[in-house]
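**Q** So TrEMBL says this about it:
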type     : residues  : note
TRANSMEM : B:6-24    : transmembrane segment
TRANSMEM : B:44-67   : transmembrane segment
TRANSMEM : B:73-95   : transmembrane segment
TRANSMEM : B:152-170 : transmembrane segment
TRANSMEM : B:182-200 : transmembrane segment
TRANSMEM : B:301-325 : transmembrane segment
TRANSMEM : B:337-357 : transmembrane segment
TRANSMEM : B:391-424 : transmembrane segment
TRANSMEM : B:436-453 : transmembrane segment
TRANSMEM : B:459-480 : transmembrane segment
TRANSMEM : B:492-512 : transmembrane segment
TRANSMEM : B:524-542 : transmembrane segment
Amino acid sequence: MEPPAPRVRVVLGDVARGRIDPARTRAELEEQSPVGEALARGLVRAQLAVAIRLAAVVAVALGGLPLLFAAAPAVGRAQLFGVSVPWLLLGVAAYPFLFVVGYGYVRLAERNEQEFVALVEDRSHQQS
Amino acid sequence: MSDYALPAVIAVTLVTVAIGIYGLRFARTTSDFLVASRMVSPTWNAAAISGEYLSAASFLGVAGLVLKHGVDVLWYPVGFAAGYLALLLFVAAPLRRSGAFTLPDFCEVRLRSKRLRKLATAFVMFIGWLYLVPQLQGAGLTLQTVTGAPYALGALLVGVVVTLNVALGGMRSITFVQAFQYWLKLTALAVPVIFLLMQWQSAGRPALTAPEGPTFPVATTVTVDHATRLTVTTQTLVIAHGRLDGSTVDGAVLLTVGEHVADAGTALEFQAAAVVPKVAAVSDESPTDWLLPGDHSQGLFATYSLILATFLGTMGLPHVLVRFYTNADGAAARRTTLVVLGLVGVFYLTPTLYGVLGRVYTPQLLMTGNTDAVVLLLPSAALGGGLTGQLLSALVAAGAFAAFLSASSGLLTSVAGVLSTDVLGHGSVRDFRRSALVAGIVPLLLALFVASLDVSQVVGLAFAVAASSFCPLLVLGIWWRGLTAVGAAAGIVAGGGAAASAVLLTVLGGPLPGWAGVLTTQPAAWSVPLAFLVMISVSLLTRHRLPKNLGAIMLRLHAPDALRM
């Protein structure tokens with residue numbers, strides 16, 4: 001199966017200046033020209049930043065619990081709806097929390113990628 | 001035990017074998033795997049990954065640990081789920097884009113080193129075997145509980161079935177079967193737990209943590225398998241047969257407050273409402289220790305070590321990684337992982353309830369130490385021997401077998417896969433079959449020797465090794481240009497090697513006393529940072545040996561799928 005061609009936004013002005021060649025920007029990325037290299041590094045850095053930020057959220061929120069229970073035993077003894085709070089946090093609340101963080105990550109990571117694609121296409125426009 | 005349990009277990013096994021034989025006809029090579037991937041949606045793929053992932057440790061082990069140790073061990077299931085978040089954040093999409101099918105493949109793609117590939121192969125085998133052992137333990141335990149057959153026979157029988165099944169080509173790439181296994185396991189725990197909760201509710205919510213400790217709900221006969229030291233806190237009248245405190249007994253005995261020793265094979269018949277004597281070798285936690293957080297025996301270090309091992313270990317498990325290949329592209333890999341996170345999260349809501357209700361209905365397990373059996377025994381203990389209790393027992397036993405069969409088939413396939421391509425041959429079907437036999441025999445032998453360790457603990461050790469070897473390799477390999485093959489190898493040898501030695505010490509020699517014991521039974525807190533540190537510093541020292549075409553490799557890992565790099 002042939003991979004579908006990348007989506008390209010065609011504006012009348014572009015058509016006047018000649019056809020857009022996304023393959024060219026791709027080639028630039030592949031050949032590791034200074035510009036392509038900088039673009040790629042920027043993407044990796046942006047994705048890593050998102051991942052680290054969300055990992056930090058989990059590290060603080062979940063990873064902080066044992067310390068919290070140790071430092072403030074009252075929290076460990078607290079009850080909500082007749083159930084001990086640590087049991088609720090670790091037995092139930094942790095799972096939806098992890099899922100929400102994961103969902104947020106997928107959204108942010110995909111947005112980064114869309115921005116990267118838009119950037120690459122923009123450059124194609126300018127060069128054409 | 002239920003009359004329906006054995007037929008249910010046999011049915012699950014036969015269906016698995018039958019599908020294995022059916023699977024012989026197609027899907028034998030990695031490219032078939034690829035072709036299949038085009039038709040698999042992230043949702044199906046995620047159910048399949050979850051089906052393979054939820055093993056005996058999740059199905060039996062978590063509830064057993066909760067029964068014994070209470071709230072502190074909830075970090076096991078939380079970590080087992082959170083591992084998928086770490087996988088999602090740092091690994092999922094780039095790994096899929098790398099096109100690597102196994103961890104050794106990733107080493108070659110990213111660092112172009114054959115030697116590193118061999119090293120990774122060795123660790124895949126070690127982790128795979130270590131993870132297989134508790135699956136066989138679980139099988140032995142389940143058969144023992146269901147039929148009364150000796151533990152060794154169960155482990156042996158089922159180990160042989162799975163090995164032959166995998167060797168013949170079964171269970172491979174059949175996504176819908178694995179996906180079905182997930183739903184079977186979820187149903188097998190979730191349906192009985194509704195009945196159990198209703199029973200508990202209608203019985204007037206018996207206390208989970210009476211101040212004097214758990215009590216027997218009905219008259220119960222406890223037979224101890226090996227010499228057991230009991231601590232009696234309330235004077236208790238029992239009918240004893242066997243040897244108690246060094247003298248032969250046969251009839252009513254008044255157990256005074258204090259310590260008593262029951263020899264192996266002694267049967268103690270307790271009356272209803274009698275307080276369960278404490279057995280320090282099983283759990284020395286008081287009812288408040290059980291209820292409240294804070295691991296009083298091992299402290300914060302052990303808790304954080306467990307968190308690190310489980311959060312970071314999942315990404316390094318061989319059978320998890322292979323399945324990522326069936327995603328269409330990087331974005332699909334991300335969505336699949338997210339759905340997995342949701343599916344395993346839903347599953348892990350139930351084992352906790354079994355562990356908690358086990359305090360009320362099966363407290364004798366706290367005396368025998370056979371706590372891993374709580375999931376299997378709870379339905380009949382709480383609901384009685386009526387039809388409902390029997391059917392639910394059978395359902396749980398079938399689910400346990402599904403857990404065991406799917407996880408061990410996946411693991412064995414991965415281990416046999418790397419064994420056949422990198423060690424014993426060149427990846428032909430004959431090589432694969434030979435490798436499957438070798439791969440199956442090793443954990444079988446191990447399972448017969450380490451029967452005394454908890455299912456979840458052994459799995460925790462496998463996670464610790466994975467977190468100390470493959471986690472740094474994947475994370476640094478994907479995000480850091482400076483990683484060299486030499487650095488990666490040094491880090492794996494230092495961190496993974498240290499964790500593996502600690503594991504071997506624990507598994508073969510039994511836990512050490514004192515701090516040495518804490519450091520070796522929960523090594524991740526020191527072995528994971530060690531692996532990262534060595535990997536980074538040796539890479540910096542060997543900077544001149546960076547792989548060529550680094551930019552192109554990084555681009556391949558990270559460029560959005562839409563660009564089709």
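Don't overthink the numbers, they just go from 1 along the chain as shown.
Every residue gets a Cβ built from N, Cα and C, even glycine.
Automated prediction, rather than curation, is the source of TrEMBL annotations.
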**Q** Given the transmembrane segment (B:152-170), which of the listed stretches B:44-67, B:73-95, B:182-200, B:391-424, B:524-542 has the most Cβ pairs that are under 8 Å apart from it?
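**A** Of the candidates B:44-67, B:73-95, B:182-200, B:391-424, B:524-542, B:391-424 scores highest.
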**Q** Near the transmembrane segment (B:337-357), which residues from the same chain, at least 6 beyond its ends, have a CB less than 8 A from one of its CBs?
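**A** Hits for the transmembrane segment (B:337-357): 42-43, 46-47, 49-50, 53-54, 58-59, 62-67, 74, 77-78, 80-81, 84-85, 87-88, 92, 182, 185-186, 189-190, 193, 196-197, 200, 208, 374-375, 378, 382.
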**Q** Check the transmembrane segment (B:301-325) against the transmembrane segment (B:182-200) for contact, please; criterion is three or more CB pairs under 8 Å, pairs 6 or more apart in sequence.
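**A** Contact absent: fewer than 3 Cβ pairs fall under 8 Å.
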**Q** Which one, B:73-95, B:182-200, B:391-424, has the most C-beta pairs under 8 Å toward the transmembrane segment (B:44-67)?
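**A** Counting Cβ pairs under 8 Å, the winner is B:391-424.
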